[in-house]
Amino acid sequence: MELMVLLNALVTRLLFVLHSLIGVWRVTAVKKEPKYWLLALLNLLLCLETGLTLKFKQGRGYKWFSPAIFLYLICTVPSLWLLEIHHGTQYCGNEPGAVQVNVSNQDFNQSRDSSHGSEGTDHHIIQTAKVFVNQLSTICETVWTLALHQTFLLLLVVGRWLLPIGVEITRDQLSQLLLMFVGTAADILEFASETLDIKDVRNNYVLVNAILAVWTWSMLQFPLDLAVQHIGCKPTASTRWIPSLLLCRYSAELWNIGVSLFIQDGPFFIVRSILMGHFRIFNQMLVFFTAKNILVVTLQLYRLAVITLDFRATILQRSRKGEVSCCPCEPYEASTHATTDQDNKMKEFVAFPPKEESQALSEDP
């Protein structure tokens with residue numbers, strides 16, 4: 001096993017575990033009940049996945065799916081749910097979003113003075129760490145929750161970048177996937193923060209849970225790599241069914257359209273439409289992002305229509321040429337194979353001439 005592969009696999013999962021533990025610590029501090037530390041046991045699943053990946057995959061990833069990212073979601077999402085539901089019991093002073101941290105030099109000086117007469121440098125470090133943790137606890141709950149949301153999405157992107165890739169995905173595909181994840185993470189963060197910050201929404205417990213459910217549903221696209229990988233197909237009898245041919249030719253494009261319509265922009269548009277239509281909640285940003293969701297959904301439907309018409313034209317063109325039995329999954333694959341076969345036959349002809357010609361050559365003096 002390569003050293004860098006092992007290092008990336010372990011460091012990335014360690015970051016996931018540390019961030020998850022910070023979320024559990026915040027839940028325990030807010031709820032003031034030690035029983036919520038049991039949420040930390042979810043990280044055992046991530047530890048188990050690490051051991052299995054190192055043993056059977058030599059630290060590398062899987063095709064189309066990332067178990068580490070999925071288990072990181074399982075470890076962190078419950079903590080964010082509890083923090084959002086408990087939101088509003090602690091405020092940030094007069095200015096919204098202000099960080100109430102008073103890390104005074106006096107506290108650190110006192111900890112340093114007390115350490116001189118006791119256990120030296122080690123005790124000083126421990127005392128300084130305690131003071132720092134106490135000061136972190138004074139940060140208001142809203143800032144903590146928003147910071148956990150932001151670092152959560154950033155770690156999903158950075159972690160997917162650091163995790164070793166498998167042989168099925170190239171670095172070019174990974175770069176495309178990461179760029180898509182950056183835009184997706186920004187949209188998801190905006191949806192959660194913009195809708196949950198509305199006072200009328202925050203006071204409605206059912207509405208908060210519905211928004212968090214849609215937010216959780218949208219996060220499920222991060223463990224999947226289908227957005228940049230084509231399924232591919234072979235010209236067998238099982239792939240002559242028209243929907244199967246369409247799927248194998250445009251698998252990545254159809255996945256992107258499906259994610260937008262059913263996982264991200266579609267659900268986001270429904271939630272925002274309910275807020276404006278049923279609950280009569282209106283503000284400038286809500287109207288803007290609703291219009292943005294409508295535009296994206298419309299463009300995705302237009303893209304789906306273009307793909308369908310292009311596929312239909314390909315089927316008709318091949319049927320006129322008598323190639324109905326051929327799989328139109330990759331238009332240039334058949335011609336490439338034909339050229340390759342001709343090249344191979346030419347090489348065989350040059351290397352092994354026909355028997356008549358070879359016998360004539362052998363009879364010549």
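Quick reminder: no glycine exception, Cβ is built from N, Cα and C everywhere.
Feature annotation from TrEMBL assigns transmembrane segment to 6-24 (among others).
Sequence-distant contacts of the transmembrane segment (36-52), counting only residues of its own chain at least 6 positions beyond either end whose CB sits under 8 Å from a CB of the stretch, comprise 9-10, 13, 16-17, 20-21, 24, 27-28, 67-68, 71-72, 74-75, 78-79, 82. Among the features that TrEMBL reports, transmembrane segment is placed at 36-52 (among others).
Positions annotated as transmembrane segment by TrEMBL: 64-83 (among others). Under 8 Å from some Cβ of the transmembrane segment (64-83) lie the Cβ atoms of residues 12-13, 16-17, 19-20, 23-24, 26-27, 30-31, 36, 39, 42-43, 45-46, 49-50, 53, 141, 144-145, 148-149, 152, 155-156, 159-160, 163, 168, 212, 216, 219-220, 222-226, 229, all in the same chain and six or more residues away from its ends.
Feature annotation from TrEMBL assigns transmembrane segment to 204-220 (among others).
Packing against the transmembrane segment (6-24) from elsewhere in the chain are residues 36-37, 39-40, 42-43, 46-47, 49-50, 53-54, 59-60, 68, 71-72, 75-76, 79-80, 83, 148, 151-152, 155, 159, 162-164: each is 6 or more residues past its ends and has a CB under 8 Å from a CB in it.
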